[in-house]
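Below is one structure, written out as structure tokens; the observations come after it.
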Amino acid sequence: MPISQTYLGSAKAPAGIKSFYFIRHGATDLNEKEIVVNGEKLWGVQGSGTNIGLNAKGERQALLAGNVLRSLPISGVVCSPLLRALQTAFIANPGCPSFQIANDLQERDFGTHEGGFGPLQMFEDDYPDCESTEIFSIHVAKALKHACRENVLLVAHGGVLRVVAALLGVAITDEHTANGRVLHFSVVADNWSVRVIQSPVVMVSGVTRGIGKAIAEDLIRHGYRVSLGARNIQDLVAAFGDENEALHYARFDALDHSSMKDWVDTTIAKFNRIDGLVNNAGCGDHVDLEKEINVELLQKQWDINCVAPLIMTKLCMPYLIESGSGRIVNLNSMSGQRVANSLVGYNMTKHGLAGLTKTTQHVGWDHGVRAVDICPGFVATNMSSWTNLIGPDEMIQPEDIAKLVRAAMERPNRAFVPKNEVLCMKESTR
């Protein structure tokens, strides 16, 4: 429900405000609590007199916000002094040049009701033993003066957000008021608008071990929303814990095309967008030209290393185009760049994957879609355990590849690197 003029009283937005960003703090335990008493629904009360920190969900929300903020031109942070707001700003870590604490960004004071439960009327109007809505609104209006500097970030509370929106004449919905959402308030010819900016969604295949697991962990740690595909959902739960608002699991079998469509469909159903695809699942079985050729194994290798990435690329392409800066990362190999042995199956299919990457780049470029081959030499995983050319400690580590994948997701369209050759020993690259 929008705030009324009666709620605002004499409070008015200051002159000279420029476009700015806003985050409501991440969730706390009180945000999660509701009860019903005598048929009336009551909500947890946390105002300026309740100084509690974020719960695990709130910390995740702050991480997601940080992913968004690091790509924005934040000129400075102005934060409420309450712990939940400070923790949100700290975890989000927008990396801007200045940080201020503003008492006027505190939540409304709910007096003796703090830490308990209250009816809707307590939040919508003046209420016994609570701070006057007009006085609260005047404080918020004063805090808005910080936005006279363009692109400042305000980190505060739900009540503050509702007053800000009312002062600027902007309608907001539950989508805007959710904990941890990054909002951009912008003005054109004295008309204000607000939009939600959320962190990118990346799909990653083959994530239960090795390179794929390191990629998924790195993306999660840096505030991406991820959709993870593996043959067994329980393996995903064992590796990453239960699903949450930023983490989606789906069955993915590189030999089962229907599982790929289902995975994309459920990702869209949960997140309503796809910004990146990492084709990591691969097959390194040995098909040796100097030995008898196992045609069935060669076909399996072709299907996993080339056909599955092709189908996933085709399924995701409409959503990647819609994002305007879609990213496809194909986990290739130095074996897709040169030939150093007789393992014809792996060499052929990785060269084929390079062809897919280049074709994807050609098709997607004008739509903002960028594709990259990451081509490592020996990586310290089970797939490289057969070699005695180099020890595991000297090999590329999965975490090294994960950083390159994230870098590919974050590079601008105007300066994209289409191939990363990654070496751990002296060898030919052609």
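Just so it is clear, glycine is given a Cβ too, placed from its N, Cα and C backbone atoms.
If you look up Swiss-Prot, you'll see Tyr346 marked as active site, proton acceptor. The NAD(+) binding site annotation in Swiss-Prot covers 203-227, and the record cites similarity to another entry as its basis. Under the heading substrate binding site, Swiss-Prot lists Ser333.
Distance noted between the C-alpha atoms of Tyr346 (active site, proton acceptor) and Ile211 (NAD(+) binding site) is 17 Å.
A simple way to gauge crowding: the CB of Gly223 (NAD(+) binding site) has 23 other CB atoms within 10 angstroms, across all the protein chains here. Nearest neighbour of Ser333 (substrate binding site) by Cα distance, taken over the binding-site residues Met203, Val207, Ile211, Ile215, Ser227: Ile211. Same-chain residues at least 6 positions away in sequence with a Cβ under 8 Å from that of Ser227 (NAD(+) binding site) are, in sequence order, Val201, Val202, Met203, Val204, His248, Tyr249, Ala250, Trp263, Thr266, Thr267, Lys270, Phe271, Ile274. Secondary structure from DSSP puts the residue listed as 'active site, proton acceptor' in a helix.
Counting every protein chain shown, the number of other Cβ atoms lying within 10 Å of the Cβ of the residue listed as 'substrate binding site' is 26.
In sequence order, Lys213, Ile215, Ala216, Leu228, Gly229, Ala230, Leu236, Ala239, Phe240, Asn280 make up the list of same-chain residues 6 or more apart from Val207 (NAD(+) binding site) whose Cβ falls under 8 Å from its Cβ.
Its Cβ taken as reference, Leu219 (NAD(+) binding site) is surrounded by 25 other Cβ atoms within 10 Å in the chains shown. Shown are the binding-site residues Met203, Ile215; of these, the residue with the fewest other Cβ atoms within 10 Å is Met203.
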